[in-house]
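Asker: Got a structure for you, questions after.
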Amino acid sequence: MGGPLTAAGGRGDGGAKAVEPLRPPPPPDPKTMARWYQLEALERAVRGNTLAFLETGSGKTLIAVMLLRAYAHRVRRPDSRRFAVFLVPTVVLVGQQARVVEQHTDLVVKQFCGEMGVDFWDAATWRSQLEDGEVLVMTPQILLDNLRHSFFRLQDIALLIFDECHHARGNTPYACIFKEFYHPQLNSSASDPLPRIFGMSASLIYSKDLNQHNYSKQISEIENLMNSKVYTVDSESALSEYIPFASTKIVHFDDSNISSELHANILSCLNRLTKKHIEALDRKLHGSSLENAKQRISKLHRTFVYCLYNLGVWLAAKAAEVQSYEENSLSFWGETLDKNVEGFIRNYSEEVHRELSCFLKNGHIGEKFPADSQDGILTPKVHCLIRTLLQYRHMQDLRCIVFVQRVITSIVLEPLLSSIHQMSGWNVKHMAGSRPGLLSQSRKNHTEIVESFRKGKVHIIIATQILEEGLDVPSCNLVIRFDPSATVCSFIQSRGRARMENSDYLLLVGRGDVEAHTNAKKFLASGQIMREESLRLGSISCQPLENTLCEDTYYRVESTPAFDIDKASGTCTLHLPKSSPVQTVNVEGEGSILKETVCLKACQELHAIGALTDSLLPELDVPCDEEPDIVVENKIEQPSYFPEEFVDNWRSFSRLGIYYCYKISLEGCPKTASPTDILLALKCDLGSDFTSSSFKLPGGQDNASVTMKYVGIIHLNQEQVIIARRFQTTILSFLIGDDHLEVSNGIKYFHEMQVPIGVVYLLLPLVSGRIDWCSMKFSSSPIYEANNKHMTHCHSCRDIDLLQTKDGPFCRCILKNSIVCTPHNNIFYVISGFLDLDANSRLPQHDGTVVTYKDYFKTRHGLTLTFENQPLLAGSKHVKVRNFLHNYYYKKEKEPGDRYSVELPPELCRIIMSPVSANNLHIFSYVPSIMFRIQCMLLSVKLKVQLGPTVQQFDVPVLKILEALTTKKCQEEFSQESLETLGDSFLKYVTTRHLFSEYRLQHEGILTKMKKNLISNAALCQLACSSNLVGYIHAEEFNPRDWIIPCLDYDERGNKKISFLAPNGMYSQRKMSIKSKRIADSVEALIGAYLSTAGEKAAFLLMKSLGMNIEFHTEIPVERKISMKAEEFIDVRSLEGMLGYKFNDSLLLLEALTHGSYQTSGPTSCYQRLEFLGDAILDHLFTEYYYSKYPDCTPELLTDLRSASVNNNCYAHAAVKSGLNKHILHSSSELHRKMSYYLGQSFTGPSYGWEAGIGLPKVLGDVIESIAGAIYLDSKCDKEVVWRSMKRLLEPLATPETIEPDPVKGLQEFCDRRSFKITYEKNHVDGVSSVIARVKAGETTYSATKSGPCKLAKKLASKAVLKDLIAGHKDTEAAAV
């Protein structure tokens, strides 16, 4: 053990008098109260990077404070510009640790967290913070972001402290600080000092793996990552003099003995309620609200089932009660519910609470614990918790934490423990995460609870892992693990909370749970194993960090400047990389400082052209119009447009007299006795796009389609308009509505209220080409009014035989071919005629008995039939209106007589409509889908007009525009996906051309960033919003129940369903919530629609009309600064023969083959800019080729074909196969070695698929792209020339028959279908990277290990495992895979 240090960081006499009075007197030196191991750890930390691995409560923070005092002279202002950083994993720890440092040092401490808006601070703001800040306490993400933005430099930090350093793993912010900044600088030749590293943790293992053999490996990994060595003590006994250790005990509970019958009854009850409420949602909600509500009810159901099995009926009921609180408008999954959904969720929870309460016995909980457990009121585990707590009733000043796994468990245990009268003297609180949600708690709530716990006002806290680390919780005399620890770290930290003398740490374990007992023993031994392994590794130096991006090393070549110095003449020439806008710099001067002089001049020239900032840093943000500063929300709420052709004032519409008519014919549907069509009458002509048009109805029967044809104008008087209006209102209300009152109110609403403005058009049934006025006149009359006596007969009937109905006597002719409703069960029926049966006829029952119809209705419905001799009506359920645009396979329904035949007494029926033909019912059931498609087509025509005359000149079919605006979520016969793929490639192609031409001094990296900003989803979304494009997007599946019936466009409260949008002169039906990416996809799909039907000019002008500031020059001129002959460097003739193209400017071919490492005098540019251009050209060429070659392929297949052909591996394979690798100019020995290694293999076969060119250096693929760019420029931007030449190199091309699926995707799909678990593990041993793929399939584990770059090795390993799995599972599905 080392002796105490002498200097604690005090300042000297000189140079500090001006600031000395501003500082308070220094606090007492904490070393005077430090323990021996703390002083020993401090000495180790001063000498080198150290990780202090000590128990919770052993004073690790004090070691950090002493280290800060030791480093005070290095960070104190104004003598030093460096500072110390204290990193903590959670926000709550920022203020906590900052206060500790302030109490024990005289350093200026500043604290930072995300709530301060630090994400939006610029370099100037951070500089102002560092003016006087000496110790900065913050979360690690803030430091990582600042390092990435170069606001901080690692060398400016003198001391870097990591609290809870076990979080340094994977890609956490702790780990990224080391991987991205510390280790690169550690391995570089830079002389800048690195900060001293000090880490603190109570557990070095943060893993679920309890295998003791892996402890050494994990400790070594964290040491290597943090470049530090672990300091710890020999055993717990070395600390026991200073730290009280809890007595760990295992408390057993029995298995649940609740009867299986009771459990089954309760579970059945939950399932029934869940099904009931989900079915209710289908009738009341739609779209995103419906899915949202269904998901939440399903999640709640799983939560209640969890509580039932693990906690008992009482707590399951309590969980339902908590969720039913009205103020709890947020689900505990953290997503805000819309107003329509909140009520359904609360109703569901309330009903679950009522039903579960029925299973609870009367009486106070806890009066008879064994009986409660026996009856399932509480599980044995909960009973064990209560029994255990009651054993500590004698304890004075109880401080207890009960650790649970789930938030809901902590919430419901609080009222349970509070309600037990034996615990009435104890105050119980729960604590869970501060995320938004169920009974959400803020950090202020947490602080108040902990403070009450400290003062003894709260005795028991039921907490999730939030109390394992972070908050400064007082020492406890009792800690109970209700749920087992998930990791070693969790176990050690929760045990560390029991730090009082004679404290207990209790583990609740099932009596027969062997695994839990084994884990508990391993947990107990883990601390000592970690100490022993840490001490054993103490003499082993830290190893360099493994390179996790090893695949890049195969082709990455570091560009270094080259100096040509002539000491005799005093001149120096600096050669910069070929990608630099300045490539050579010449100076004359004094020999001893020639390098410095030429570098200064190079900086001046680079700064002059904007390649360096004023701070002489690379300019990564090029200020230009092409890089807008865009922030777009993930979801955008926009109005959904409605066509103005369908909107008018009903009063004025009925007086027009002249109406434009379109005949709508439904084809491919069942043949009826007298086929009918529909006549659509409108206020205006719809234009040339609707003179004659047709579209399919994939949701109907095979080959169902609609033809729409303009047939001229007709004259209608006001009475005829009213008759037609009544008819369509009645029949459509009946077909769409499923509630008698709803339909009746809708029909009455028509008569009672005149709509000032709304959806206005007429749908007139045709018979033999003529309007069926007879059917409309009588079937739309208000029969439902019982006092309408003149309607007891139809106009031509002489029959005096009246039948008694619910609304009085009616003639047989009225009842035949009518629509009736039976109020006793609220069901609609279509009446086709009369049966030779009456109330006394016999009705066979399912059980074999026979009753009369009179007895049946009396027994079943409590109805007495008084008109026994009336014939029964032959009824059937009416055809349901559904979404016939939905792209699902049509299944032929049974004939009504086979399935829906029913016998109805007339006296139980209320006539809704009569007469109504079966033909009219059938075709009008298609009307909502037909009119919605016409509505969308009208909007597509409107969009064509809105885009302006320059775009309108191109004849793009309306259905093609509609395809571009229809998302996959609509589930229709077409979607925008294929057009989006095509438009995306053209957008990249045009943007790349523009940037390549406009910014000739910028290298490929800057151009790529500019392109990304130009065509990012955020940029495209902003363009769409600015162009008022979003309202045209068809983003949700059509729901016929939401379709507006002409005339009935007010809701039940009298609110309009159609509104006028003054800013853009459009009408809106509703508001929709749409993701910004979906909007961007629609822009790309529109570009694809214009490209595929009208060509490149049309697509480009569309992009311009949307506001894209780009140009599309027919040629891109090439400038030459130096004249040279390409033949002196490459074999031009041989290459031209290989490519099938003769260059006009062979220097372009030379540039395309020149690697950035080639510093020999001659070529002035490397291939990077040409690669940037060629990449976009090839991507577009392949996409266009596959889109036109396979017009009927699915969007998924189009994407797979494109991916299989357009990737660097395929290009690299083609380059080697053709011998292009022999012509590449480079000066990198490393690249030469890698190429030689891989080129020793055989490269034949096709150049497509993921296996083509695997492992080849990236430069080989880059050359294919750069040559494509060179040919494109040389041929004056002729894509056909490029395609012919590149096709020679890349053939044979992928086809739908030859494409090979991605093995990672294939393995995932195979395992998902069987619920197999897949894991991937990366290894790096002796410089060789590998990936192990494992699949747990029942009792069998399949695994494969493959070496190589990470992505490639993962695919190879997946392929091998998938092959073994298929061989081991010889079923039909496996064979298909």
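Glycine is no exception: its Cβ is also placed from the backbone N, Cα and C atoms.
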Asker: Pick the one from E1136, E1151, E1171, E1184 that Swiss-Prot also lists for the Mg(2+) site with D1262, E1265.
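Answerer: So, going by the record in Swiss-Prot, that would be E1171.
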Asker: Looking at the candidate ranges 163-166, 567-570, 587-590, 1219-1222, report the one that Swiss-Prot labels motif 'DECH box'.
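Answerer: Of 163-166, 567-570, 587-590, 1219-1222, Swiss-Prot gives motif 'DECH box' for 163-166.
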Asker: Looking only at the motif 'DECH box' (163-166), how are its residues distributed among DSSP helix, strand and coil?
Answerer: 2 helix, 1 strand, 1 coil
Asker: Using DSSP with the three-state reduction, classify T61 (ATP binding site) as helix, strand or coil.
Answerer: helix
Asker: Please list residues from the chain of D1262 (Mg(2+) binding site) whose Cβ is under 8 angstroms from its Cβ, counting only those at least six apart in sequence.
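Answerer: Result: Y1167, E1171, N1208, Y1211.
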Asker: Could you count the residues of the domain 'DRBM' (1302-1367) that DSSP puts in helix, in strand and in coil?
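Answerer: Counting residues by DSSP class gives 30 helix, 27 strand, 9 coil.
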Asker: Applying the rule Cβ within 8 Å of the centroid of the Cβ atoms of E1171, D1262, E1265, what extra residues of the same chain belong around the Mg(2+) site?
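Answerer: Same chain, not in E1171, D1262, E1265, Cβ within 8 Å: Y1167, Q1168, L1170, F1172, G1174, D1175, Y1211, G1261, V1263, I1264, S1266, G1269.
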Asker: For G59 (ATP binding site) and K1258 (site 'Important for activity'), determine the Cα separation and express it in whole Å.
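Answerer: Answer for this pair: 52 Å between alpha carbons.
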Asker: Ranked by the number of other Cβ atoms within 10 Å of their own Cβ, which of the binding-site residues G57, G59 ranks first?
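Answerer: Neighbour-count leader: G59.
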Asker: Relative to the Cβ position of L54 (ATP binding site), how many further Cβ atoms are located within 10 Å?
Answerer: 21
Asker: Going by a 10 angstroms cut-off between Cβ atoms, which of the recorded positions K60, K1258 has the sparsest surroundings?
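Answerer: Lowest Cβ count within 10 Å among the recorded positions (K60, K1258) is K1258.
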Asker: Distance between K60 (ATP binding site) and K1258 (site 'Important for activity') at the Cα atoms, whole Å?
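Answerer: K1258 (site 'Important for activity') has its Cα 49 Å from the Cα of K60 (ATP binding site).
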Asker: Going along the chain, which residues six or more apart from E55 (ATP binding site) have their CB under 8 A from its CB?
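Answerer: For E55 (ATP binding site), the qualifying residues are A202, E236, L239, I243, F245, I492, G496, G527.
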Asker: May I have the DSSP-based helix, strand and coil counts for the residues of the domain 'PAZ' (798-913)?
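Answerer: Counting residues per DSSP class in the domain 'PAZ' (798-913), I get 20 helix, 39 strand, 57 coil.
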Asker: Whole-number Å only: compute the distance from the Cα of E1265 (Mg(2+) binding site) to the Cα of T61 (ATP binding site).
Answerer: 56
Asker: Please name the residue among the binding-site residues T56, S58, T61 whose C-beta has the most neighbouring C-beta atoms within 10 angstroms.
Answerer: S58
